[in-house]
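> So TrEMBL says this about it:
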REGION    1-42  region 'Disordered'
REGION    65-90  region 'Disordered'
COMPBIAS  74-90  compositional bias 'Basic and acidic residues'
DOMAIN    342-435  domain 'Transglutaminase-like'
ACT_SITE  C350  active site
ACT_SITE  H409  active site
ACT_SITE  D432  active site
BINDING   N472, D474, E521, E526  Ca(2+) binding site
Amino acid sequence: MPAERRSIRGRSAVGRFPSVTLGFGEDTEEEKEEPKENNVKKRNACQEWLRKVCPCCCPKHDDVTDTEVTGVDEPSKEDGGNGEKPVPGDKELDEVLLKVKSIDLLKSKSGANRTDFEMWITLSRPFNPTSDELHLDLKTGPLAVVAKGTHVIIPLVAKLEGDRWEAAVVKQEDKKIKLLVNSPPTAVIGRYQLTVETNNQNGSASSTHDPANDIYILFNPWCQDDIVYMDSEDERQEYILNDTGRIYYGTKDQIGARTWNYGQFNDGILAVCLFVMEKSGTSPSGWGDPINVVRIISAMVNSPDDQGVLEGNWSGDYSNGTSPTVWSGSVEILKEYHKKNGTPVKYGQCWVFAGVVTTVLRCLGVPTRTVTNFSSAHDTDVSLTTDVYLDENLEPIEYLNVDSIWNFHVWNDCWMAREDLPPGNGGWQAVDATPQETSQGTYCCGPASLAAVRYGQVFLKHDTSFVFAEVNSDKIYWQKNADGTFSQIYSEKKIVGVSISTKAVGSDERSDITHLYKHPEGSDEERIAVETACSYGSKAKAYSSPTAEDVSLEVTLDGEGPKMGKDAELMITLKNSSSQQRSVSLHSQVSVMYYTGVHKATVRTDTTDIEVLPNEEKILEWTLEYKDYKDKLMDQAALMLTVSGRVKETQQILATQFSFRLRTPDLIIKPLGKAVVGEKMSVEISFTNPLPQVLKAVVFHVEGLGLLTARKINYGDIGSHATVSLTEQFIPTLSGTRKLLASLDCKQLTQVHGVSDITVEEKSNASL
């Protein structure tokens with residue numbers, strides 16, 4: 001089936017994305033009809049996603065489902081006669097019990113499940129919501145447990161709220177009901193067994209599990225609340241939906257490229273990917289976290305300790321298998337692994353491991369790309385340096401020279417928020433499945449935050465120190481002394497980590513992403529990162545320790561902080577506690593952040609040299625002008641200032657990060673007149689646009705428990721710095737102190753809201 005590149009999933013997508021069991025039937029007239037909705041709001045989802053993960057093998061007819069009947073009263077001797085209670089016939093039983101006859105998951109190529117998770121359920125009689133109960137039952141893993149999220153009971157609700165397991169009847173035709181199902185953005189991914197259970201006063205019934213009705217839940221990068229959410233549609237098309245790519249090899253001066261067939265939507269690949277997860281022996285209860293899933297796949301794509309997908313071979317003798325250079329895609333490898341029930345496929349090297357990881361993670365819904373690092377170091381002793389040992393005659397000591405620099409090495413970047421790390425470390429994470437060193441006892445590597453690698457914060461998990469050494473370690477030469485010790489005699493600082501490459505978004509061009517892994521070579525920022533990282537390594541003394549640490553750095557803000565539409569002003573304080581003057585070279589970078597801590601864009605960078613007198617506390621005013629940030633903010637208006645520096649006289653390193661937001665104005669809500677139950681009243685809502693630009697298509701939302709139900713007001717445009725007001729009328733229904741809430745939303749400005757306490761009096765007897 002040819003792959004399409006168009007996705008229709010909107011930004012309002014909810015929850016993790018469900019895929020019905022590997023198959024499509026032909027379109028039916030019933031599926032082409034427009035449903036008569038029961039006031040249940042439908043959610044957008046990704047048509048392309050389900051179209052690709054479900055090959056064409058679904059039967060044309062409705063799935064016939066057996067039903068197990070339970071809970072029917074047993075005969076009792078107390079009923080008289082021969083002690084046997086009359087048992088109703090099949091017809092009578094059908095009239096009292098509610099049994100499931102069939103389940104239709106709408107698997108056709110144009111079925112409703114291309115955009116929403118819907119199903120038709122045919123029952124033994126019409127469903128009566130007042131006397132009948134029905135819920136869906138989903139189970140995944142060998143031992144499904146409700147408390148661990150592997151056994152899910154989905155109730156029927158009157159109104160879908162989103163972000164939870166829930167189902168609602170959206171259409172009823174005689175004995176058939178159509179359900180719309182929502183899932184939470186934290187759901188465990190995997191293959192779920194589906195059954196439907198019914199209950200009423202006459203007994204219970206449960207459908208028999210049919211493997212044809214199994215459901216796959218995947219990560220959802222279209223859902224803003226999913227940890228793997230990616231806001232660029234072009235990048236989602238590339239890093240999730242593109243089933244071919246380019247992998248780079250060669251040397252830094254002679255970069256070659258080859259096309260790789262990822263094939264994540266090929267027939268049977270989704271089942272193989274979950275087979276790989278199952279072979280890991282890990283508990284499915286942890287599969288809702290992409291960090292866990294990425295580490296599992298990193299371990300399972302190689303084979304040394306877990307009988308994973310590929311056996312590595314760098315010997316040059318591939319007579320017992322396939323030479324790594326022969327492979328041109330992942331599909332054949334994964335299918336062979338599955339066919340042989342988990343016997344490692346022979347053979348792979350770094351680009352093969354990485355190609356397979358891209359296939360598996362894209363298939364599971366994690367945005368992933370294949371990355372090549374030229375002049376890639378392999379640090380074996382956690383020194384974060386690449387060490388070369390020489391004897392007294394400057395001859396290499398071969399048995400000690402176990403560190404190496406590869407011409408090229410290929411791994412992966414995957415995209416996710418990192419709520420387990422400090423803000424700013426979300427986004428791209430390095431993952432390496434080539435078995436080089438163990439991580440917590442297993443041959444895997446990552447996910448390591450690229451932001452942490454860039455700043456030398458190697459103490460942040462997972463395996464950041466190893467990735468840092470691959471891209472930015474110094475090559476240090478050590479000579480043996482007469483007493484058997486070694487002295488550092490020379491270092492090379494610019495030879496590791498060159499032309500880090502990946503396929504460009506939307507084209508076959510090479511994109512150089514070195515700047516995401518490291519600061520420019522030789523810059524103060526890059527040297528600070530190297531020395532920061534190596535201070536945590538096994539050879540920290542390779543870098544001069546500061547002769548003193550007598551300068552402190554702090555970032556603060558005044559009052560409640562900067563306001564939206566105005567220049568943002570912070571204070572950087574340098575305090576010299578020594579009796580000598582200090583010269584400090586400071587570097588600052590301010591970035592726009594998602595509220596999840598994922599870096600979106602760099603707004604501005606600055607470098608300045610500061611002289612601090614003895615015992616002086618010097619305050620520097622740092623200003624970010626509105627024009628610099630106005631077109632780059634996200635809906636939480638979050639920013640991060642990173643400041644680093646070095647003291648010239650002592651070589652002391654200074655570094656700090658400061659998160660702040662731009663305060664939005666409040667809506668002013670003023671009650672007009674007295675508030676009485678059952679009597680009409682008014683409120684005035686006023687707002688002043690803080691921006692020197694027009695707000696387009698402004699929408700107000702107003703609601704209040706006991707005051708009025710949620711109301712949406714399409715206001716229109718609001719001019720630059722203009723003040724507007726609107727009056728809303730409503731009739732309170734409950735007495736006491738009530739809160740009226742209002743919010744404003746438009747493309748240019750979000751997070752604007754207000755609240756007013758309104759005391760509602762009971763209606764007086766005189767007015768009754």
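Using N, Cα and C of the backbone, Cβ positions are placed for all residues, glycine too.
Looking at the shown structure, can you explain where the listed features end up?
For the domain 'Transglutaminase-like' (342-435), the DSSP-based tally of helix, strand and coil residues reads 15 helix, 41 strand, 38 coil.
Around C350 (active site), taking its Cβ as the centre, 25 other Cβ atoms fall within 10 Å, counting all chains.
Every protein chain considered, the tally of other Cβ atoms within 10 Å of the Cβ of H409 (active site) stands at 24.
Within the same chain, residues at least 6 positions away in sequence whose Cβ sits under 8 Å from that of D432 (active site) are S298, A354, W411, N412, C444, C445, G446, D463, F466, V467.
For D474 (Ca(2+) binding site), the count of additional Cβ atoms within 10 Å of its Cβ stands at 22 [all protein chains shown].
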> Within 10 Å of C350 (active site) (Cα to Cα), which of the recorded positions H409, E521, E526 do you find?
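Passing the 10 Å Cα cut: H409.
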> Averaged over the domain 'Transglutaminase-like' (342-435), what pLDDT does the predicted model reach?
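It averages 90.
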> Have a look at the binding-site residues (N472, E521, E526) and report the one with the fewest Cβ neighbours inside 10 Å.
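Fewest other Cβ atoms within 10 Å, among the binding-site residues N472, E521, E526, is found for E521.
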> Cβ within 8 angstroms of the Cβ centroid of N472, D474, E521, E526: which residues besides those meet this for the Ca(2+) site?
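The surrounding set, listed in chain order, is S473, K493, K494, V496, G497, K518, H519, G522, R527, A529, V530.
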> Can you grab the distance from E521 (Ca(2+) binding site) over to H409 (active site)? Cα atoms, rounded to a whole Å.
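Rounded to a whole number, the Cα-Cα distance is 20 Å.
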> Write down the Cα-Cα distance for H409 (active site) and N472 (Ca(2+) binding site), rounded and given in Å.
14
